[in-house]
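Peer 1: Mind having a look at this structure? Questions to follow.
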Amino acid sequence: MSLLLSNSVLVGPKFRSSRISHASASLDIGLQRATSPQNASVPTCFEETKGRIAKLFHKNELSVSTYDTAWVAMVPSPTSSEEPCFPACLNWLLENQCHDGSWARPHHHHMLKKDVLSSTLACILALKKWGVGEEQINRGLHFVELNFASATEKGQITPMGFDIIFPAMLDNARGLSLNLQLEPTMLNDLIYKRDLELKRCNQSNSAEKEVYWAHIAEGMGKLHDWESVMKYQRKNGSLFNCPSTTAAAFTALRNSDCLNYLCLALEKFGSAVPAVYPLDIYSQLCTVGNLERLGISRYFLTEIQSVLDETYRSWLQGDEEIFMDASTCALAFRTLRMNGYNVTSDPITKILQECFSSSFRGNMTDNNTTLEIYRASELILYPEERDLVQHNLRLKTFLEQELSSNGFIQSCQLGRNINAEVNQAIEYPFYAIMDRMAKRKNIENYNIDNTRILKTSYRSPNFGNKDFLSLSVEDFNRCQVIHREELRELERWVIENRLDELKFARSKAAYCYFSAAATIFSPELSDARMSWAKNGVLTTVVDDFFDVGGSVEELKNLIQLVELWDVDVSTQCCSPNVQIIFSALKHTICEIADKGFKLQGRSITDHIISIWLDLLYSMMKETELGIDKSFPTMDEYMSNAYVSFALGPIVLPALYLVGPKLSEEMVNHSEYHTLFKLMSTCGRLLNDIRGYERELKDGKISAVSLYIMNNGGEITTEAAISEMRSWIERDRRELLRLVLEENKSVLPKACKKLFWHMCTVVHVFYSKDDGFTSLNLHGVVNAIINEPIVLNQF
């Protein structure tokens, strides 16, 4: 779709150009507003949608900026100040006025009237400067007069620098003898707002103020110190990769590098320019980010790897496109670090230091950037990143304050539920939300328009489009069908193995399966999911058996049966309960081992038995401590308690079923055991914090009570819990570091991810309640397994 064309007669040959070149036509694709979610339908062909998304990796479409194109059109020729340097831009303005007299984006948002006013006035100034397009000028002036009230309307989105740039353009209009009939009171309000903004800026001596003024230099008038602006010139000749600022700088100083930048932009895009250029790295990272956040990245692994490698090369080279833009830097850091690349957090720390050390905020950092920086600041892996810890806490407080004061109502992205996104980021940190939970929330909060706003609005299909949404919804629902069938299979398995006859045991098959489906959701990983879920059910049964259901004789009998393995259950089981539990254990271990043998090419039965024995021994030790009423040291307690937390049988056998080969050397390596210990320690401590009061009433020990006791009872419960949380934080960060690290790693990444997935599971289960007693979990389970996403519900 092209911009609406004027019916007026075009000017002479020297201003003519083809209506829209191929390059600018591709720009106009970005101007189209994507179909709204209410009207979108799931594609009839899954592969066609994937194909359209794959093409985004090979092009970076950016919407036309009429505002920036107007400023480029104002640039005089280097050889004659009486002629335009870029007549094609001028002709583009003549051809692309809307029927209402504005130069607006097609289907522009009703909250973008200030943007439309600014763009329209800039186009009028460009035409008037070169004495062409009288009819278009008059229609444009009429539009400005009719809509001038929007310039001071509080409900409208205010582009960056609007309160300074727009009044400056009005001054320029008067200087060019343009007769604008404006309502005096509204004009005075506008001037008052400009003076307030200038006063606010002048009260700050921060570097950010200087950057802000340089960025909006076209609105600062002839008194502006252009030489000071040029210190922000980038290697590509631009100022802030912004055509309008760069055009104004060339007009003032005739800087050849500025001109080269503008020429290159027009060479690429034809007769109209975008609001920001280049934006390749950010656009590609947005594509990757969309795919990862919506759960469909596995369909584009080759393309994503190429983007990551190229971004990492740019990072190592100190590319200005990354490091001169806070949003791109934060997005690059988070994406690279989460994908195992070795990147320092120093640039993020620097951005945060500049933000918090400045008293002048709110102009250069939009809501999207703030959220990106917050997400990046969560990825703390190393002890020496202490500054990042403090900055993350401060930024979290800032976001909470903005939420409570409705500070995000005016979002930098139209149609985006920024409040919901910020609330999710705060309430569910990345380590405390299971993968599928996060994906569903991201789908529900997704905005296909994704218009961004700086000095003017701009968008790109790489930022967001209906294909991302429709593919993710269809994929989520496809997986959900498989998950529902697997849950039915698990429920049949419970009955077939008579586990439902154990009256002492909690019935938690749905929750156990949910934790598997919410983390390892891909259809091809069915065996790993079922291993995880079945062992989850069995560990719950065994835990209840040791806790309330079995006598000491029965517990010892169960251990002995697993040790002997090849036994006659009809004669060697001391009770029906022991027979049911051991038979279910043996049947399940053999089933998993058979599947593992096919994938691994070697027997894994003995290892799975050993994993279960480790758990049984640790549970027996806890039972004996309870009988003896003895109190171990904290170290003694934790050396056993991380094993008795019972994550071993759930996670470790599943490692054999996710794809990669796991040799005997790998499972005996220290990395394997360290990952298990870190994951299990986090779970144990979270459990002990949540269950502290209950355990205390029952006369049982926990990490919290032992810590208080080991410190002579001289510290409070709150202090003990605070220490436990610090311990969890340290181990969680070390776990994530090991999972992401590739250079010195022995275990395949697909296997290491399961340790992290389980860490998120325990954070969810114990975030507010004691594990399975969480009232909110029922709704979450339904959302992941039972309730499909309906596209028209958004």
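Using N, Cα and C of the backbone, Cβ positions are placed for all residues, glycine too.
Given the structure is predicted, the values throughout are model-derived calculations rather than measurements.
Quick paste of what Swiss-Prot says about this protein:
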TRANSIT   1-28  transit peptide
BINDING   D543, D547  Mg(2+) 1 binding site
BINDING   D543, D547  Mg(2+) 2 binding site
MOTIF     543-547  motif 'DDXXD motif'
BINDING   N687, E695  Mg(2+) 3 binding site
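Could you place these features in context, so I can see how deep they sit and what lies close by?
Peer 2: In the three-state DSSP assignment, the secondary structure recorded for D547 (Mg(2+) 1 binding site) is helix. Around D547 (Mg(2+) 1 binding site), taking its Cβ as the centre, 16 other Cβ atoms fall within 10 Å, counting all chains.
Over the motif 'DDXXD motif' (543-547), the average per-residue pLDDT in this prediction is 96.
DSSP assigns N687 (Mg(2+) 3 binding site) to a helical segment in the three-state reduction.
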Peer 1: Same-chain Cβ contacts of the motif 'DDXXD motif' (543-547) under 8 Å, 6 or more residues past its ends?
Peer 2: 502, 504-506, 554-555, 558, 577, 581, 619-620, 622-623, 646
Peer 1: Have a look around N687 (Mg(2+) 3 binding site) and count the other CB atoms within 10 A of its CB, chains all included.
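Peer 2: Within a 10 Å radius of the Cβ of N687 (Mg(2+) 3 binding site) lie 20 other Cβ atoms.
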Peer 1: With every protein chain in view, how many other Cβ atoms are within 10 Å of the Cβ of E695 (Mg(2+) 3 binding site)?
Peer 2: 18
Peer 1: I need the CA-to-CA distance for D543 (Mg(2+) 1 binding site) versus E695 (Mg(2+) 3 binding site), whole Å please.
Peer 2: 15
